[in-house]
Amino acid sequence: MPFRIAFLKQPFEDFFKHQASGGIVLLGATVLALVLANSPWSGQYFHFWEIKLTIGFDHFGLTQTLHHWINDGLMAVFFFLVGLELKREFMDGELASFRQAMLPIAAAFGGMLVPALIFHFINPMVPEAKGWGIPMATDIAFALGVLALLRGKISRSLAIFLTALAIVDDLGAVLVIALFYSGELAVGKLLVALVLLLILIAGNRLGVQSLNFYGLLGFCLWVVLLKSGLHASIAGVLIGMVIPARPRLCHEEFVDQTEKYMARYKEIGEVPGPFHHEERLGALLALEHICHDAMSSLQRMEHELHHWVIFGVIPIFALANAGLVLQLGNLVTAVTHPVTLGVALGLLLGKPLGILFFSWISVRVGLCALPRGTSWMDVFGVGILGGIGFTMSLFISNLAFMNIVMSNNAKLGIFIASMLAGAAGFTVLSRASARKAH
């Protein structure tokens, strides 16, 4: 029986370990949303996301539609993971030193600025102009999924460069949401949020490691920001940035305590039966506690949340937001609409041009150097993959447009650009690797 269960589990475990699997699940959720939106069950599909759900009590609770709970609540978990990744990268990653950080920062800045300018050039007037932030984003799950298909053909440094670029890109998108896509701000609630944030920072500086402390105050921060007019997703990033990055035990303490309890475990010896002797169990539990304390809260949470976000949060978001009614009679009109063109051209042209040009400038003036084993053709290919906006672009489009026609046109532009960018980026990087091989 155990063999049969293992036999059934193995294919799933292998799939979830593969780097491209997150993009595959996200693509599946998107296709399902499009199929449902254009099926006989279209009405039920859209109605389902408008069901109201109350969390709390009669006089102390939050009532939102299911769609809003996903965009404001569930996506806060995604942004929390973004905050954790940002902190790790700035402390001990590709963004830890000035010279290392300059290339992805410059590339991300160009990859945000040029698409926004292209969109604004095509849509200079309000209300269409409000969508300028949509083509600024990169979907890291899809982009890394395409790179994973080229495993063995591209350098590891190129994958690290794309990851760092996408993380900086996410930070830029968060700032854009906070500054330009939040509602009317309630100053009193923002002051309460600031006090909560300062308490969280103080807890971090004082060495508080309890995740209950950060979880409780973090939830309060999310609720206050939700009520303040500032988009609640910002709370996720802020909480992620204050999670402790240093473990309770240093390397020497971990080694000493591990050796101590391993020696005790060996002394007790093996006991008959499936259950451990009380002292032996105590040694095992102590080892478990030591291993827990040897890993920082930041790394542990990032590790534990990664799969839940990639295979749960983001696909659910896509399922709720990617539903687009495609009518053949209006398709030509929709494709040629300025919002559709602005989003599509911003992602398809603006992203690669901005990333390539700003990378070239930063290398040319001596601020940084290209990653080892990377050519300018590789950077151009990464720039094209940056045009896969998807998750964050869909998120911003929901904030930019209340008008359903404009929102749908923005989604159409995102879909067109993301598909073409994925195919073109794969082709360019494949040819670049083939040239190196020869």
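Glycine is treated like the rest: Cβ placed from N, Cα and C.
Here Swiss-Prot flags 21-41 (among others) as transmembrane segment, drawing on sequence analysis.
Per Swiss-Prot, the feature transmembrane segment maps to 66-86 (among others).
Summarising the annotation, Swiss-Prot assigns transmembrane segment to 102-122 (among others).
Annotated transmembrane segment per Swiss-Prot: 130-150 (among others), in sequence order, evidence recorded as sequence analysis.
Residues annotated as transmembrane segment in Swiss-Prot: 160-180 (among others).
Look at Swiss-Prot and you will find 183-203 (among others) tagged as transmembrane segment, backed by sequence analysis.
Listed by sequence, the residues of this chain that lie at least six past the ends of the transmembrane segment (206-226) yet keep a Cβ under 8 A from its Cβ atoms are 62, 72-73, 76, 189, 192-193, 196-197, 199-200, 232, 234-236, 238-239, 242-244, 248, 297, 301. Positions annotated as transmembrane segment by Swiss-Prot, on the basis of sequence analysis: 206-226 (among others).
Swiss-Prot lists 308-328 (among others) with the feature transmembrane segment, giving sequence analysis as the kind of evidence.
Long-range contacts of the transmembrane segment (341-361) within the same chain, counting only residues at least 6 positions beyond its ends with a Cβ under 8 Å from a Cβ of the stretch, are 103, 106-120, 122-123, 128, 131-132, 134-136, 138, 165, 335, 370, 376, 379-380, 382-384, 386-389, 393, 397, 409-410, 413-414, 416-418, 420-421, 424. Taken from Swiss-Prot, the feature transmembrane segment applies to 341-361 (among others), supported by sequence analysis.
Residues annotated as transmembrane segment in Swiss-Prot: 376-396 (among others).
The transmembrane segment annotation in Swiss-Prot covers 410-430 (among others). Same-chain neighbours of the transmembrane segment (410-430): 30, 131, 134-135, 139, 142-143, 146-147, 149-150, 153-154, 321-322, 324, 334-335, 339-348, 351, 377-378, 380-382, 384-390, 393-394, 397, 400-401, counting only residues six or more beyond its ends whose CB sits under 8 Å from a CB of the stretch.
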- prompt: Do at least three C-beta pairs under 8 angstroms join the transmembrane segment (130-150) to the transmembrane segment (376-396), pairs 6 or more apart in sequence?
  reply: yes
Query: Are there 3 or more C-beta pairs under 8 Å linking the transmembrane segment (308-328) with the transmembrane segment (102-122), counting only pairs at least 6 apart in sequence?
result: no
Message: Quick test of the contact rule: Cβ under 8 Å, at least six residues beyond the ends. What residues does that give for the transmembrane segment (308-328)?
response: 16, 21-22, 25-26, 28-30, 32-34, 36-38, 42, 45-46, 49, 66-67, 70-71, 74-75, 77-78, 81, 141, 390-391, 394-395, 398, 408, 411-412, 415
Task: May I ask for the residues of the chain that lie six or more residues beyond the transmembrane segment (160-180) and have a Cβ under 8 Å from a Cβ within it?
output: 79, 82, 85-86, 89, 93-95, 101, 103-105, 107-109, 111-112, 133, 136-138, 140, 143-144, 147, 230-231, 233-234, 237, 355, 371, 374, 379, 382, 385-386, 392, 395-396, 399
Distant-in-sequence neighbours of the transmembrane segment (66-86), which means Cβ under 8 A and at least six residues beyond its ends: 48-53, 55, 167, 170-171, 174, 222, 226, 231-241, 243, 298, 301-302, 305-306, 308-309, 313-314, 316-317, 320-321, 391, 395, 398
